[in-house]
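Novice: Pasting in a structure now, in structure tokens, and then I'll have a few things to ask.
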Amino acid sequence: MTRYGPSILHLQICKGGSHCLRRIWEPWSLAVDLAACKQLFAKVTAEKGALREKNIESTSMPGASGITLTAGSMTHSVPASVSYWRSLIVNLLGISLTVLFTLLLVFIIVPAIFGVSFGIRKLYMKTLLKIFAWATLRMERGAKEKNHQLYKPYTNGIIAKDPTSLEEEIKEIRRSGSSKALDNTPEFELSDIFYFCRKGMETIMDDEVTKRFSAEELESWNLLSRTNYNFQYISLRLTVLWGLGVLIRYCFLLPLRIALAFTGISLLVVGTTVVGYLPNGRFKEFLSKHVHLMCYRICVRALTAIITYHDRKNRPRNGGICVANHTSPIDVIILASDGYYAMHVQDKSKLPILIFPEGTCINNTSVMMFKKGSFEIGATVYPVAIKYDPQFGDAFWNSSKYGMVTYLLRMMTSWAIVCSVWYLPPMTREKDEDAVQFANRVKSAIARQGGLVDLLW
């Protein structure tokens, strides 16, 4: 016999058939037989194992109300229904994650690895076009009913300009500021000086270069609030449609795209690390090319990029320089998902180098002056024209306004990135041509093929 002071440990069996431990304060108790306690614990353990083998749950026993644990004066009860719902939720989450991962693997990752497509993205694009067309018609109808102008005048610059002639604009100003008949007014008034001064200041401020560093204004709304600064409430249905678009883009597309981007970048890091340990040879070169190609294609899927490549027979070859217009940091991924690029020019056996001679991102409406450095070495130049469709999402990166993280978030919450890539025939520098003339000739070819404005500066 061993004395434990004024308390005794008691074991009880609850109504539900489970065992619990309770400490009762009994100042008149003297001792507890340790051998008896051990036997009691062994008996309880055996009974509990027998209950588990027979799959007898507490909910199936009459009068069962769950598992009760009493400690002093505090009692905690866990109903059996709560345990059931918890297990059900966990099972549903597990099944959902398994199904989601399987769909990603079958319909996105595996097709990206082999460079095939099931046509889901094109069907998605056609559906968006129909929705945009309906929204535009609804907005135009609402604008006519309210008798106001829906969009800004056709402009892509800093200042909104009316597509009217100077004479018509002056007549409109005179008509609104004077009650006299226009037939009796002279050809020139002193107040016209202010109009011409305003036009001159607008021309200085809104030049051909400055407007190329701001996002292109759309002629119709694409259900993205950041691309239409003049949007006003038109109808309840249109507002509900916009709200559904926000939920789809932020609650479904954004998590999916983040998961794909994480998968692509992780595979790129792991794959290139493993390939780097292999001995130099054709096998290593083969694996390196296909690892990069596979990972870049997965990253392209992370942006829901719908890319159309034209004239693939003119793709850049080893020992040359690939020159393209620059709109976004993803230009590299767009081109790398269809070919291989490196940093070698002198060695004809090495992969071609990829260069953006503009040196900055332009809003994909024009091509600015090329820097002549890449045109002085005498290598074969492979021009590439890249044209994005801003109707589904603006790929232009305004680095003075948005950081990289904000830009990527805007890209991943857009509807899609739709672009066309044209591979132009290779070009070489002529004998009587200097580097500047060669660069301008390549720039003009890219602008002409992509439907861009060829700027002289």
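Just so it is clear, glycine is given a Cβ too, placed from its N, Cα and C backbone atoms.
Any TrEMBL annotation is an automated prediction that lacks curation.
Below are the features I grabbed from TrEMBL:
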TRANSMEM  88-120  transmembrane segment
TRANSMEM  234-252  transmembrane segment
TRANSMEM  258-279  transmembrane segment
DOMAIN    320-389  domain 'Phospholipid/glycerol acyltransferase'
Novice: Six or more residues out from either end of the transmembrane segment (258-279), which same-chain residues have a Cβ under 8 Å from its Cβ atoms?
Specialist: 104, 108-109, 287-288, 291-292, 294-296, 298-299, 301-302, 412
Novice: Is the transmembrane segment (88-120) packed against any residues at least 6 beyond its ends, judged by a Cβ distance under 8 Å, and which are they?
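Specialist: Residues 256, 259-260, 263, 293-294, 297-298, 300-301 contact the transmembrane segment (88-120) from elsewhere in the chain.
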Novice: Looking only at the domain 'Phospholipid/glycerol acyltransferase' (320-389), report the model's average pLDDT.
Specialist: 84
